[in-house]
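**Student:** These came from TrEMBL, pasted as-is:
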- 12-32: transmembrane segment (TRANSMEM)
- 44-63: transmembrane segment (TRANSMEM)
- 69-91: transmembrane segment (TRANSMEM)
- 103-125: transmembrane segment (TRANSMEM)
- 137-157: transmembrane segment (TRANSMEM)
- 169-189: transmembrane segment (TRANSMEM)
- 209-227: transmembrane segment (TRANSMEM)
- 248-271: transmembrane segment (TRANSMEM)
- 277-297: transmembrane segment (TRANSMEM)
- 304-321: transmembrane segment (TRANSMEM)
Amino acid sequence: MPIVTRNLQWWFKVSIHTCLILAGQTAATLLGRFYYDQGGNRKWLQTLTFSAGFPILYIPLLLTKNSTSLPSSCSLTLVKIAVIYTAIGLMTTADSLMYSYGLLYLSVSTYSLVSATQLAFNAVFSYFINSERFTHLTFNSIVVLTFSAAIIAFQPDSDDPSETPRGKYMLGFILTLAASATYSLILSLMELTFDKVIKSRELSAVLNMQIYTAVASTAAAIAGLFASGEWRDLKGDMEGFKKGRLSYVMILVWTAICWQVTNVGLVGLIFEVSSLFSNVISSLGIPIAPVFAVILFHDKMNGIKVISLLMALWGFVSYFYQHYLDYKLEKTAKTEVISESTQVTRV
């Protein structure tokens with residue numbers, strides 16, 4: 001009975017984290033595109049929204065009774081964790097900035113489809129960093145997702161509602177691709193940190209990682225905002241926003257909140273399962289954003305995008321099926337172990 005209860009609790013947690021990712025990621029992407037469509041043009045400000053919503057995470061952290069316990073050599077471990085959180089935070093800032101440029105120069109549908117390559121990148125990083133198995137289904141997904149992004153790169157850019165020049169379109173494509181690779185590397189490093197450094201199975205570990213990496217990322221984004229001189233144009237950016245000042249502020253606030261919701265789900269799945277599975281669920285949201293983009297922003301879903309979408313879904317199904325096979329194999333192994341121990345007990 002305890003084993004069944006634990007499994008049900010695990011599936012419940014995984015379901016909650018999955019819903020957080022799908023809802024938060026879709027809403028944040030659409031709000032980010034809406035910011036640019038309505039006249040916003042501050043890339044560092046958009047970068048800031050990826051991490052600036054971290055204070056809301058203190059609410060569930062304070063409600064969490066357990067505190068994250070550190071292993072032996074506490075002072076050394078604390079320094080190591082601080083360095084890791086800072087490094088991941090700085091990587092997140094660079095990643096967010098590249099995504100901000102990608103969202104500026106690409107339509108939502110194109111941006112989402114190129115972002116699907118993060119699954120292929122994560123498979124490679126998980127193999128080398130997290131010792132994940134590389135199967136024929138995994139390899140199939142990498143190949144399919146690579147071709148899915150490749151055909152998007154060479155499509156005519158005339159379907160982009162912003163009439164983006166070809167040069168900026170390719171820059172947006174390259175930066176989004178690079179951001180997907182960086183994002184996948186960050187997830188693998190987070191999983192490695194949980195396994196090798198934190199060594200904790202508490203909810204507070206998930207929240208602490210997200211909060212402190214977000215603090216480092218927010219500090220770097222603010223520094224970038226001032227160093228680039230964008231802060232001087234914030235007032236003009238707000239006044240030129242088509243929907244008004246209040247909408248300008250609310251869009252930025254809700255974008256920040258939605259990204260934090262997404263990140264909690266991502267880190268939660270890394271904690272409960274793996275970085276690879278976390279990326280699989282993130283890729284599940286690929287078809288959602290383009291559908292809403294067609295409705296809200298009148299993005300055009302031409303034949304090339306439809307083919308790319310179908311290939312991305314094919315890659316996702318391959319990954320998901322591999323996880324299903326791994327789950328069945330693990331379940332069978334556990335059943336055999338329980339059966340053998342029961343027989344030994346009877347003897």
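Backbone N, Cα and C atoms are what each Cβ position is placed from, and that goes for glycine too.
Not measured: the values here are computed from a predicted model.
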**Student:** Kindly say whether the transmembrane segment (277-297) and the transmembrane segment (103-125) touch, using the definition of 3 or more Cβ pairs under 8 Å where each pair is 6 or more positions apart.
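**Tutor:** These two stretches do touch.
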**Student:** Please report, as numbers and ranges, the same-chain residues at least 6 past the borders of the transmembrane segment (209-227) whose CB is under 8 Å from any CB of it.
**Tutor:** 42, 44-45, 47-48, 50-54, 57-58, 61, 82, 85-86, 88-90, 92-93, 96-97, 190, 193-194, 198, 260, 263-264, 267
**Student:** Based on Cβ pairs under 8 Å, which of the stretches 12-32, 44-63, 103-125, 169-189, 248-271 lies most in contact with the transmembrane segment (304-321)?
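**Tutor:** Comparing 12-32, 44-63, 103-125, 169-189, 248-271: 103-125 has the most Cβ pairs near the transmembrane segment (304-321).
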**Student:** Using a threshold of three or more Cβ pairs below 8 Å, and leaving out pairs closer than 6 in sequence, do the transmembrane segment (12-32) and the transmembrane segment (103-125) count as in contact?
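**Tutor:** Yes, the stretches contact each other.
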**Student:** Any residues 6+ beyond the ends of the transmembrane segment (12-32) with a Cβ under 8 Å from its own?
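**Tutor:** Contacts with the transmembrane segment (12-32): 46, 49, 100, 103, 108, 111-112, 251, 254-255, 258-266, 268-269, 272-273, 278, 281-282, 284-285, 288-289, 292-293, 296.
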